[in-house]
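Heads up: the structure comes next, in structure tokens.
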């Protein structure tokens, strides 16, 4: 493992950083409160993760510190789950971030780099202990070993709504394995991702962390793709999105983002690159994007995942139910399989009217729309944030939910669910009943039964095993009961409630008993008493059963037998000197051993009424609606009356409404409350106020402002604009009597609010008139060209401003267009003929303007059908349905069926879901059914084969068979049926033995007897069996005997072996009547009567003389007469003893060299080769030649190569000598002062990057940390590193060791006395070895060979240290050299031993 885990941890935290810190919106706004999420690390602690553990700890500490210092606290607790095959845990759970960091620091790795690992189980454990909406980060370098737990993890992900992110530094090298595929599926379901990282991206990841830790994360887009491709998406960005992050994980990731105007956004426009790993991942971020429809284009060269998230307080959650619900806590996280249809309730946050949802789409994991569902407007217009979808069938595959709508400002928004949803497989109904139900004699009794079920079920009651009443059907969980009108002893017994659904059955028992009833109180009689009098409240029990009776009020028991409030002897309650506060409810309870009875008696104390009127006063204008509310208290409740002048009206609720108020409605209104005790009243004053007018006029026009004022005497009216009175001017005229103000040639400066003041001796009153100067229309939002897919709903925006507000109209000729109230044009279910030019016109009385937009239609989708089972089986008379589920198709395709290429007829019809229903299947219904879906974009069909099962039938055939002995015969038993029956034969009542080679049962039902004998005669029974029945019939076999005997009789195939050159006899003695003729064949070819080396003996045997290897063949003896023939075969194998090619008997090598010991073997059969070193086995069998890497002294000795086969064995012996063992030991000091530190450091040595372990006997570590090599050789040369470590840190030093080997001349076995031919070259060898490489020189008669003897060079010393003598034409050179003429002198850089090799050279004249 390389050191990459730090960046892994950081990357994992950043993938869902927004979501990590997401908190409830209300809490974020006031800055208080924490969310209830868990941060969980699932960490692989195998040995391969060691080098990076420290970096992971440091990185986690920095990230947690940064996260926890933010204004909001998004994390409630922390979970750490380490795992190492086969162990998981121990699990650490804490709310203290410091404790979490400490737990990380205490992690230690163990063992080797196992692959795969128990990672899925660790993820499951983390999800089980985490809070909902949590974040799981998995760090490992291996795929999953326990991938079979994947289904449990997926269910937990959907239940917890949590996200799982994988940070991998390895995957065992094969991403097609189920263990890696499980990672992909978990990440896709939880909206997580998989990241493969290298060490070089650590700094980039750190920068990304600093930027992406945010709150209120929302999901906009999610897609997963198995291959490399380019995808283009249109994503609407609404004003609530503070920033948007695009994360692409896969090889060669490329991202291009374009704004609503089609311009590619780059760094200059605010696009920030948070992460760029060229072959793994890329992440970009854009803050405060412009609202509108953005275009996202991504490209990857292989399998990849895309996530688009944002930061916004506008989001939703989805809840599922099997019936419509109005409260979100009555829903569940996933739809129920089998509960049809499904209902979904959406809970939206920060979406207020007039904002609304338009439609919902069910999306596949690849981002493809599976279904579109319109969202109806709720009755409260979405004030509570709850939106209910129409019922629909949930797809069988996993799906995301994408919602689309408009916010309060009319901007389109889009959100995606945080996880994908799959159907829950329902459990059988859960039935609950009380253990015992006590009934009372002749009293009503009820047997209750509570059933919990997610799908419809049927329910029935039984008593002592006998069904009671009729079975009832329920759609979901309910409480049912069995009622007994008058219980008696006959009703006692064991009652059982049984609920049956398609998922299974649930049942529960209880026991019913009958006893004496509890006391029953007589009906309560309320008492009315005036203040100061005596009140008596009665409580009497019916019957004579014993009982106890108590009174209570407001939870306090009344026990007094004396005083103002006391209990009388007849159990009545007496209250003397009644007060107002004594009024209220008094409770009487009668109890005995079998139960109790309760009544409530009310004491009423009369009280005079009290009145409160709201409002106390109110001003109104002409045409207003006035509402006056009068509330009163008293006992008994008083009646309410309203009076105004001479008008008096009775009002039960005390509310007085005046609609279309007039000036004369002003005055005082009085509310009167009266009861038998007294009367009370209160008045309210209404005042008439002059209303404000609004006058609209264009620039240059005339305006007349009117002020209607009444009074006695008639008032005079004066006009003011602001604080200034409007005086006389050439363009202004006012009439103080009529109250008018006329302005000619109005300009923009004349606009504003004018006040008219009406005054008379009786007082003054004022009113206002607003003068507005109009303006022609202008477009504030003009429509743009749009492209839409067939079947989509699109909206062309067109907003105009002006004074007055202009009227917006559209010119089009299509019935599917709807103009909305805000002027936008909605085109529903776009079709091909909707393509064209649309004109928006804005108009008011001051002008008209127009603009246009073009709509282009695309998106035809050919039909896509779900592939089901290719073969469906059913029985005769059974009904069935063949599915034909439509997954995609734009426009909606039509489906039709055919059978065997022909239209359907008879008992078949197509269901609403496209499936084909067949009622009471017959054998004729079997065949090939094709469902074809067709629309204008294309067609698709699926083929299903229907098999109608039929019991087996055996066809008619012979009942008696006659066979000649040895002549093959076949017994027929042809059986038919669906499925095809299996035919089994038996002889008499005994089944045929499986190992009986003479009886062969064929798959098609025939029994083949290749060589019948008299023992095979008898009665045979064939039985045809299938899952739907069986049939059988008997057959008799007779055998005519004509016997031929061949010896040997068994086995029929004989194996024989012989050595090359030997004589072989193959026996074949045949008997029979008449005498059989014996013939021989070799490999199927006849052997002629006269063949060299082959002789057929009188007995029929074959003799082969002087066999050779090519005679290894198959020999067959055939004996034949008129009754038949028989054969006997011999597999003759000619063997040859092993032979080993000669090789040197002595080999020499230096320490550390690689030595090859030859052993070339031949033989038949191929010999087995074994090696022995000094008599002990060495190496593996059949290894030739034997290689000894880095030879040492222990390797020298005698080696034997033993070749053995069935014909014999051969041995080759080689002696190996190891040279150059001069350096016995090496002491490598630490090269720095002995390691010091507290605590004392631990010293480890490494050679060439590999750690040296103490168990290696040639190494040892001294007390001062030095490394001691006991027996040094050339193989110990290399780079050594010393590492000293304690808890305070570590330090290391390096050194290089070079082991020198003294030179040695290798004796190549050549003779020391040589005789050479005149004029022929001669080479004298001098092979020398040593470290460093030795320098080689030659001498002749003690003098260096560096000169020329004669005209031509007689002696040459080439670079390979061999001496070449060139004998020329001089006859005088035939002198015999009787002394040493050559010395090979070797010089070493640090030692010069006297190694001499003497050679006598002779020249002879030929």
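Residue numbering: from 1, along the chain as shown.
Keep in mind that glycine also has a Cβ here, set from the backbone N, Cα and C atoms.
Remember, TrEMBL labels are computer predictions, not curated facts.
Since this is a predicted model, take the numbers as computed values, not measurements.
According to TrEMBL, the feature domain 'Ig-like' maps to 428-512 (among others).
Per DSSP, the domain 'Ig-like' (518-600) is made up of 3 helix, 39 strand, 41 coil. Marked as domain 'Ig-like' by TrEMBL: 518-600 (among others).
The domain 'Ig-like' annotation in TrEMBL covers 609-687 (among others). Secondary structure of the domain 'Ig-like' (609-687), assigned with DSSP and counted as helix (H, G, I), strand (E, B) and coil, comes to 3 helix, 51 strand, 25 coil.
Marked as domain 'Ig-like' by TrEMBL: 700-774 (among others).
If you look up TrEMBL, you'll see 777-856 (among others) marked as domain 'Ig-like'. In terms of DSSP secondary structure, the domain 'Ig-like' (777-856) contains 3 helix, 47 strand, 30 coil.
Positions annotated as domain 'Ig-like' by TrEMBL: 863-947 (among others).
Under the heading domain 'Ig-like', TrEMBL lists 952-1038 (among others).
According to TrEMBL, the feature domain 'Ig-like' maps to 1051-1129 (among others).
For the domain 'Ig-like' (1138-1217), the DSSP counts in helix, strand and coil order read 3 helix, 46 strand, 31 coil. Taken from TrEMBL, the feature domain 'Ig-like' covers 1138-1217 (among others).
Annotation source TrEMBL lists domain 'Ig-like' at 1239-1298 (among others).
Per TrEMBL, domain 'Ig-like' is recorded for 1303-1342 (among others).
Per TrEMBL, the feature signal peptide maps to 1-17.
Confidence in the domain 'Ig-like' (777-856), given as mean pLDDT, stands at 85.
Of the candidate ranges 777-856, 1051-1129, 1239-1298, 1239-1298 has the most C-beta pairs within less than 8 angstroms of the domain 'Ig-like' (1138-1217). Here the domain 'Ig-like' (700-774) has, by DSSP, the following mix of helix, strand and coil residues: 3 helix, 41 strand, 31 coil.
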